[in-house]
Amino acid sequence: MELAFPLASLIANQEVSGPSTVTTVNPTTEEVLAEVSALDAQGARQAVEAASRAFSSWSQTSLAQRQRLLASWLSVLLEQSEELARLVALEAGKPLTEALLVDIFPACEALSYLARHLPALLQPRPTPPEQILFAHWRAAYRFEPLGVVAVITPWNYPVAIPVVEIAQAVACGNTVVFKPATATVLVGLALADTLRKAGFPPGVVNTVVLRGADTTALLDDPRVAKVLFTGSVEVGKQVAQRAASRLCPVQLELGGKDAAVVAADADLEHTAQGLVWGAMQNSGQTCASIERVYVEKPLFEPLVARVVELVNALKVGDPLWPDTDMGPMTTLEQRQVVASHVQQAVEQGAKALTGGFVPPGKGYFYPPTVLVDVTDDMAVMREETFGPVLPIMPVDSLDEGIARANASRFGLTASGWTRSRKKAARLMRELAAGVVTINEHVASFAEPTASWGGIRDSGIGRSHGFFGLLELVNIKYVAESYPKGASPWYYPYDEDKRAFLKAALPALYAHGRVKLSALRTLARTQTFWARVRKTSLLAHWPKLFR
């Protein structure tokens, strides 16, 4: 295939080749798409050096300058949205419509949000002191860049995840070394080209093609101030352990085994449609896919029947066809995991109402599969399947559904399905996850103000929105004061100061008669008045009566 961008790493806006290659495959036809030059550890360090050099100037740019470049990047993505969607379809197997919906749209929304709201998000925030002794201070929080940020992304959302993380990192004044997944390396290099076309200065974002073993050079480099990693739990733990050896902070967005809890009063049609889309979009290759469903028994049979109808109606085929609902899985290895989970479940007594087999012919296809008669000890109910599989289990009550949903080592997202606001409030309160939605699942990833991240084995930290930005800055507290004399707590210590402090404690923090008595004692303390007169504290005397 003919590509309009270089098949090499991009360091300081220059093409850099390495000593080896990685091969990218079309998962629909199993044909080789391209051989791409890959760097070694030395090349990774070269990228870090470029990012480190660029940081000194980029970190000093104004928020307005960064806004303009983010808006420019958005313009380039809009111009190339069709080409990017087609490349995602070819390399990741995602249907064209879905590539636009779940990759291009969230990426553009994130850029638009930052380009419009960056000053409001990152400008210094005044914070008046509460402590009366510091009441004359002028204090604020400043949000300052960390340095070089390594962004290591997966193959399942090869546009949305990198764009969100790179955009937030550079918006905060950091520079970036971006390592895309090798399975979707062409999409990663296409993104690198859009950054260059958008006008980002050399070294601000550097894209490196690396094999897994060479990625450790990014983790070990002391110039890397933070690592953002999205991927499997096992690799995420290795990343965290490696970075911890030099106390480098990490943000980890790892796996999920996300549950949907369905109340008996849920809207049947909306719930069935939502469960099928939440489980099957992107062929189930989403860390926040619905991988477990717990349904109150009165709705179980009609819901399962409708889900099966909807799944049987899905069109599985070439992702370049406009009416394809589901394409192939992205990698052969992931299809093998899915097939293994389903086969083990069936052998242990589960029943596949749809799918449940590896189809013959070319392509890494796996049919959308609905399982019933599942039990908690099955791998398909415990471990991340990451494929188009929807296990559904009946429960006696909402209590049981919530308990089963929470009995997992994961905690990325969860959803509740009900018409009752009272039940919805309970589900949002009691489901243990980083994101809980009612009558929707997964979709909040596309909302730029919604934080994204999980608990337990699903990761550390948050991306998206204000809380995602806070992961990428040094939150610096600054305070200034210009007193007329020595501050009251300075040396020397003496009996008068001890008496003053003894009276000040209940005067400041007690209530009622105890406070009034302490205030009278404090008023008779000559040291107190002498020190107040030497500072600007007298203007803040009313705070004693808060």
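Cβ atoms here come from the backbone N, Cα and C positions, even for glycine.
The structure displayed is predicted, hence computed values, not measured ones.
Among the features that TrEMBL reports, domain 'Aldehyde dehydrogenase' is placed at 20-478. Look at TrEMBL and you will find E253, C287 tagged as active site.
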Whole-number Å distance between the CA of E253 (active site) and the CA of C287 (active site)?
-> 9
Same-chain residues at least 6 positions away from C287 (active site) with a Cβ under 8 Å from its Cβ, in sequence order, are N156, T230, E253, L254, G255, G256, E384, F386, L412, S458
Using all protein chains in view, find how many other C-beta atoms are within 10 Å of the C-beta of E253 (active site).
-> 27
